[in-house]
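**Q** These came from TrEMBL, pasted as-is:
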SIGNAL    1-19  signal peptide
DOMAIN    30-118  domain 'Ig-like'
DOMAIN    132-213  domain 'Ig-like'
DOMAIN    233-321  domain 'Ig-like'
DOMAIN    326-411  domain 'Ig-like'
DOMAIN    416-506  domain 'Ig-like'
DOMAIN    508-595  domain 'Ig-like'
DOMAIN    617-712  domain 'Fibronectin type-III'
REGION    697-721  region 'Disordered'
COMPBIAS  697-711  compositional bias 'Polar residues'
DOMAIN    717-810  domain 'Fibronectin type-III'
DOMAIN    814-913  domain 'Fibronectin type-III'
REGION    906-931  region 'Disordered'
């Protein structure tokens, strides 16, 4: 009996019309491959890098213009070209002033075949806003009235992030009654009396330096009234009944309505004659802001916001117009023609208003007529081109809102067909997967491409096959019959080229019988199956894992081709087992859980239990797989002494900072005898291992040989940075220094910076090698910004965060507005206000008082009061005695100036009066005050 085999053959015919990359070994004009953004804002602390990279053959040379004029880079020693590129590097670290280099830059890449242009790059240096010095008077407002606290931030580049806080750096809580507008102002729909309990400061955070500038704080004085009248809404923003808004296509549209009223109004949004675009709509700032992301022309129209409460409603209409900077409809692409061929470059853009199209050739305006081509609006037409006509054309599409610039070259080449990929590839793929066979090609005229299978061809017509424009053949679902030799042939009038790809289809890897969940008695034997079927031509490996970690095959285990056997199972063998079958192309896995049951006690088991002990120490430590920041440590476990080893602890010792002291580095399960250890730079390591079982830890293993890692800049800064005064005229800055595994290099030191907050003064700095620095001649209890940055010989750690410290405290001044009155016959009340100058963190008040009658005085009573207490009541023991009070504020330094006051003489039916007040040294501090 004979067996006939039918072989499936096919070919693909394709004329490529996509963009073709010219191989770099062929002559070609320049192409810009990388450039900086058009609006380029740079950090003034860093070197300025203006990107410009290009390719071409010959390799391009580069030049720049600045503000439209030739920029002579060689004349400025602080400006240089990056090697093998046109990128400009401006050395600011070497003393250059970044502001001197602001301007509009443009890069030119040229070779003998043409000139390519970058965009015009507007370079601007980031500027942090500085608040003008101003004195803000208290803001007086009626309870229930509306209020706008203006921020008026100074100009920053880019614009700063605005937020409101109190002068003590507590965020201002915002809700539908109080919120910040898009302009940075703080709006109160209605003012409550508790709004006066804090002050309000506008803050501006710069983009690059993240420094925060704080405006002087507003203080509110709320004039209270009996019963706040309700009122209908009115708009605080925008004003009037209508307004307009212009937004550019693909930008976010932000519409804002903020209203006042009592009760606080609710805001609703609508669009006239249509629905709001829900798929790209967001309501923000408690419904006061409507955001439509990436607007398009259909988002034009009239929107209105409605503010309403139970007293009524009002409406504001916003007319939205959507304009557009130019955007591409058909961006020009490189054109590769053979001599005598025709072609065209097309440049189509849209926008609102409609963009103006301007063509340049090699960066210069085109002079018409030109014998080599014809310019017809957005199209350049080439007829019967000849060698030597290569050039780079620039298309500039511009309107009032921006511009687009595209480079597209025309290259006149006579090149026979060639294939560009590696030859005679062999592709292996698992059956039923998807695969791609690549055949990159080139030629001029552009070749046509055909695919063949097993030497013969027929038209490929969809189905399971797809040919991409770049010549790649994609097979959606590979089957056994797709195996074979595939040939791609590229053909033009100058010749043809081919390449072959051999496709091998492999059988998938499958576990046909995997392990099953089992329950086994302690001491019994367990078999876990893992029978695998795979392609015999692929190398198969079967590994076992326990509880997601690779299983160490010990002496009680036997790994066979299709199973794992565990003899004398113990409690430590309980867990989830995974069989992983893997080839170089695919894998499969199966899981099962093994549960171990305790057996009843026997004389043998009791004897074994009696002989159990801590494990012996591991032995034979070996270091392998050395890398810059890791190494593998392997060891041989010691005897478990009849109690299974449950884990190992890896310790290390270093000889620079704490020689002889061992630290824990890693913990690994008891069934593993090696660990990959992550290491820190610039540490001379020595390792040892301890074994653990339920009875305890072994003695340490013998230590390994030393291993030295290379250095690097520190990755972290010191922790627990603090600033606190030890005297009233200083501030001590302290921190927890880096430990031995954090220094990363020699000569560790700390760069300490400080400045008084909200004064605009520059940073002061010092470099120290300890963990403290004292700043002297500081004002009493003033806040300071503090930064501490680690540095070694390899460089600095990342920029540190800023913490707030305080200079030293002093004794507080006397409490203010002290008075005594008697609301009834049984009590005497002392009231006071906080000291005018607390000179620190007020921790409380010291009060001493005593009753007296003429020359007789009772025993004095002493009380320690909380810092927020402003009243103290004494219950009389008799009806005739008067009381003398001694009151002072308290900081961490101690008690301050004492105020002494006596209760008034007893007057029946008299209105409450304050007593006589004087300082401790007898000077009059105040007179009588009426309640």
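Our numbering is plain: 1 for the first residue shown, then up by one each step along the chain.
Positions of Cβ are set from backbone N, Cα and C atoms, glycine also.
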**Q** Where DSSP helix means H, G or I and strand means E or B, what are the helix, strand and coil counts for the domain 'Ig-like' (326-411)?
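**A** Result for the domain 'Ig-like' (326-411), in helix, strand, coil order: 0 helix, 53 strand, 33 coil.
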**Q** Could you check whether the domain 'Ig-like' (326-411) packs against the domain 'Ig-like' (30-118) - three or more CB pairs closer than 8 Å, residues at least 6 apart in sequence?
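**A** Since 3 or more Cβ pairs under 8 Å link them, the domain 'Ig-like' (326-411) and the domain 'Ig-like' (30-118) do come into contact.
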**Q** Looking only at the domain 'Fibronectin type-III' (814-913), report the model's average pLDDT.
**A** 87
**Q** Which residue counts does DSSP yield for the domain 'Ig-like' (416-506) in the helix, strand and coil classes, in that order?
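**A** Final tally across the stretch: 3 helix, 52 strand, 36 coil.
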